[in-house]
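This report refers to the structure that appears directly beneath it.
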């Protein structure tokens, strides 16, 4: 794939293109994946991404759940605008393990730092998997040793890393953005326990752009997450481990202007977010809920979340049932101002409720397709927001009822 003019950027996804994808597309990054034996399945379960420089700029966003996993606490404490590498394990969240969890997260970083020739604080640590089980540190430390010896700048190495961080994901999530002589790569995981504060997920973004300061990286990431990852709300649950990490190597030697860079980071975050929604646990319907006519954008987002979390609404979507009454019943519980007599609803562009009353043909709207767009107007203002969710299927219940067994 060739680079594109900055006014016509080239963006590809793991689901939409056979082009090179992932965290090793940008210059100055190495990656590796191994099977350390953490997952009972025997699948790969550890990954390492190293920023080979010359820069080591970084920015990160974390879960807002008050119960945080040890790797989140460790990485957050060392988030000073620089990271040289990140170690990731899947199959174990290292969450709710007390002092032992903190010790294990720190030991993981120390082992990686020793092998990579940097300080422990230069290494971010991320974990994903079952909460409450202590990490098998003999396997983790052996895995770090093996990872360091396998680091490679090939595209395949990045693809392997994307697969190694998967838990109940069915497919790896990767993306790439080509600017004018510089690029962005990304990989992510997460299909369940997805709600605001990034949704349950780990996302790693790399760029070979030269950023003058960590402030530029933070501004781009902080500006992108509210309208991308924070808008995914699959099941109303927020993970203890959510982390989005951006690392910049500067290897291209090119500094894009801030507006261009911010837009590119947003585009990549949106790309990964849509892949997360598409692979959500048990998903058969991808549902976008747009609420307008609210007093503020924040109110609109709150109302959209209330609808998206309503189990009766989600069941209706699973059954392709254009039951607009469930939308009204759900949104009526939102703690925002609305005109209860002037709410309008449409499914896939077809009005099904006007002024809180059923519209002609409402019961016959076809929702059999995989994508459903729900639009709601609260009738009191100009606020508008969109939240992405899914249906509630038999498979979702099956997957989550058997998760720890």
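Here the Cβ of each residue, glycine as well, is placed from N, Cα and C on the backbone.
What Swiss-Prot records for this protein:
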type	residues	note
ACT_SITE	200	active site, nucleophile
BINDING	167, 189, 200, 281, 400, 405	substrate binding site
COMPBIAS	1-18	compositional bias 'Polar residues'
REGION	1-21	region 'Disordered'
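A helical conformation is recorded for residue 400 (substrate binding site) in the three-state DSSP classification. Put plainly, the binding-site residues 167, 400 were compared by Cβ crowding within 10 Å, and the winner is 167. Counting only residues at least six positions away in the same chain, the Cβ atoms of 90, 128, 162, 165, 166, 167, 169, 172, 173, 201, 202, 203 sit under 8 Å from the Cβ of residue 189 (substrate binding site). For residue 281 (substrate binding site), the count of additional Cβ atoms within 10 Å of its Cβ stands at 24 [all protein chains shown].
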